[in-house]
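J.: Before anything else, here's the structure in question.
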Amino acid sequence: MNAITSASAIRTVHVPLGERAYDILIGPGLIARAGAEIASRLKGRKAAVVTDENVAPLYLKALVASLDEAGIASAEVVLPAGEKTKSFEHLITACDKLLEARVERNDYVIALGGGVIGDLSGFAAGIVRRGVRFVQVPTSLLSQVDSSVGGKTGINSRHGKNLIGVFHQPDLVLADTDVLNSLSEREFRAGYAEVAKYGLIDKPDFFAWLEANWKSVFTGGSARIEAIAASCQAKADVVVADERENGQRALLNLGHTFGHALEAATAYDSSRLVHGEGVSIGMVLAYEFSARMNLASPDDARRVERHLKEVGLPTRMSDIPGDLPPAETLMDAIAQDKKVKSGKLTFILTRGIGQSFVADDVPASEVISFLREKHA
C-alpha cells in the first residue's frame with residue numbers, strides 16, 4: 001500500500017497513468033466537499049451529474065449544493081435504477097441529455113451512483129464530443145472498490161455483459177464511505193465479494209486479514225476504510241501495469257467468467273442475482289474447477305467457499321432462486337466472454353489462495369462437464 005497516503009480521515013490512492021493520472025479519495029464526507037475537489041481540477045465551466053432514481057433522492061441535492069458552493073453550474077440526468085439500464089436505449093438518452101446541457105470537452109460528467117451508473121456515464125462521457133472529462137462518485141461498495149477505478153466503461157447487449165464500451169479514465173474518484181451506511185445488507189455483501197477477490201488474486205495476506213476482520217469491515221470505521229483503500233490500491237497496481245487488458249489486468253476477472261454467465265442466465269434480474277453475488281459463486285467455481293484440473297488443492301476451494309458463505313454470500317448455483325437454463329446455455333454465454341481470443345476459452349484459474357493466473361485455451365469439454373456436474 002505504498003501509494004496510500006493519509007490526510008485526516010481521508011485516504012488517497014494515486015493511479016499514475018502519465019497525463020491521465022488521477023487520485024482516488026476514500027473516506028467520510030466527500031460528497032459535501034466534492035465541489036471544492038472538482039473545482040480545483042475543472043478546466044471548463046460546468047458539470048452534468050448522471051445518477052439513478054434510487055440514488056438521486058439520497059445524494060443528488062447534497063452534491064449539487066457542493067457544486068453550487070464551488071461556483072460550478074450543473075445539469076442533472078436521472079435514469080432508471082438497475083442492471084437493465086446498461087443498454088443502448090439508456091446510453092442514447094444519457095448522451096442526448098449531455099448534449100442538451102451543452103456539456104463541452106473541458107466540462108465534467110459526474111457519475112453519482114453504483115456500477116451501472118458509473119459504467120454507463122463513463123461510456124457516454126467517452127463518446128460524447130469524442131471524449132468529455134468525467135468524475136466518479138461511487139455510492140456502492142462494489143463500485144468504490146472495483147468499477148469506478150481503471151477506466152473500463154460500457155453497456156450490456158443481448159449477447160452478454162459489458163461487451164460494448166470504451167476505455168475512458170476518470171479525472172477523479174470520490175469514494176465517500178458515509179454513503180455505504182445506506183446500503184442494504186445484501187448490497188454491501190455483494191460489494192464485499194469484489195474486496196475478497198483482490199486477496200484471492202495475488203494477496204493471500206489480505207485474504208487472511210479479511211477472514212479475521214470481515215465483521216469490522218461490515219461494521220464500518222477504520223477497518224472498512226482500510227479494506228477499501230487496499231482494494232483500490234490493488235486494482236490501481238494492475239491497471240497501471242496493463243491498462244488495456246492485454247495480459248495481467250484480466251486477473252481482475254477472477255470469478256467473472258462464470259459469474260457473468262449466471263447473470264445472463266437470470267436475465268439480469270436483480271431479485272435473483274446481483275453482480276457481486278455472481279462473482280461470489282463464480283470465484284468458488286473457479287477454485288473448484290482449478291482443483292478439478294489438478295491445479296489447486298480442494299482445501300483452497302473449501303476455504304474460499306467457507307469465508308464467502310460466512311459473510312452471507314451465495315456460493316453455489318443452487319443458491320440462485322428459480323430455475324437455471326441447462327449447462328449448454330451457460331456455456332454459450334461463456335463463449336461470448338470478452339476474454340475469448342481466436343475462439344479459445346480463457347479463464348482466470350488458480351494454484352492456491354493468492355495465486356491466480358490467466359489460463360488460455362481451456363478445454364470446452366472440461367468446462368461443460370464441470371457445469372453439468374454443478375448444475376445437477
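In case you wondered, yes, glycine gets a Cβ from its N, Cα and C as well.
Annotations for this protein, taken from Swiss-Prot, read as follows:
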- Gly115, Val116, Ile117, Gly118, Asp119, Thr139, Ser140, Lys152, Lys161: NAD(+) binding site (BINDING)
- Glu194, His256, His275: Zn(2+) binding site (BINDING)
J.: Restricting the comparison to the binding-site residues Glu194, His256, His275, which residue's C-alpha is spatially nearest the C-alpha of Ile117 (NAD(+) binding site)?
T.: His275
J.: For the C-alpha pair, I'd like the distance in angstrom between Ser140 (NAD(+) binding site) and His256 (Zn(2+) binding site), rounded off.
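T.: A Cα-Cα distance of 18 Å.
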J.: Can you tell me the three-state DSSP label for Lys161 (NAD(+) binding site)?
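T.: Where Lys161 (NAD(+) binding site) sits, the three-state DSSP reduction gives strand.
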J.: For His256 (Zn(2+) binding site), name the DSSP secondary structure in the helix/strand/coil scheme.
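T.: It is helical.
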J.: Please give me the CB contact count at 10 A for Glu194 (Zn(2+) binding site), counting all chains in the structure.
T.: 27
J.: To the nearest whole angstrom, state the Cα distance for the pair Gly115 (NAD(+) binding site) and His275 (Zn(2+) binding site).
T.: 9
J.: For the binding-site residues listed here (Lys161, His256), tell me which residue's CB has the most neighbouring CB atoms inside 10 Å.
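T.: For the binding-site residues Lys161, His256, the Cβ with the most other Cβ atoms within 10 Å is His256.
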J.: Looking at the binding-site residues Glu194, His256, His275, which has the shortest Cα distance to Asp119 (NAD(+) binding site)?
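T.: Spatially nearest to Asp119 (NAD(+) binding site) by Cα position is His275.
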J.: Taking the Cβ of each of the binding-site residues and counting other Cβ atoms inside 10 Å, which one has the highest number: Gly115, Ile117, Asp119, His275?
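T.: Of the binding-site residues Gly115, Ile117, Asp119, His275, the most buried by Cβ count within 10 Å is Ile117.
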J.: Would you mind pulling the DSSP three-state label for Ser140 (NAD(+) binding site)?
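T.: Looking at the DSSP assignment, Ser140 (NAD(+) binding site) belongs to neither helix nor strand, so coil.
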J.: Just to be sure I understand the packing, how many Cβ atoms besides its own are within 10 Å of the Cβ of Ser140 (NAD(+) binding site)?
T.: 28
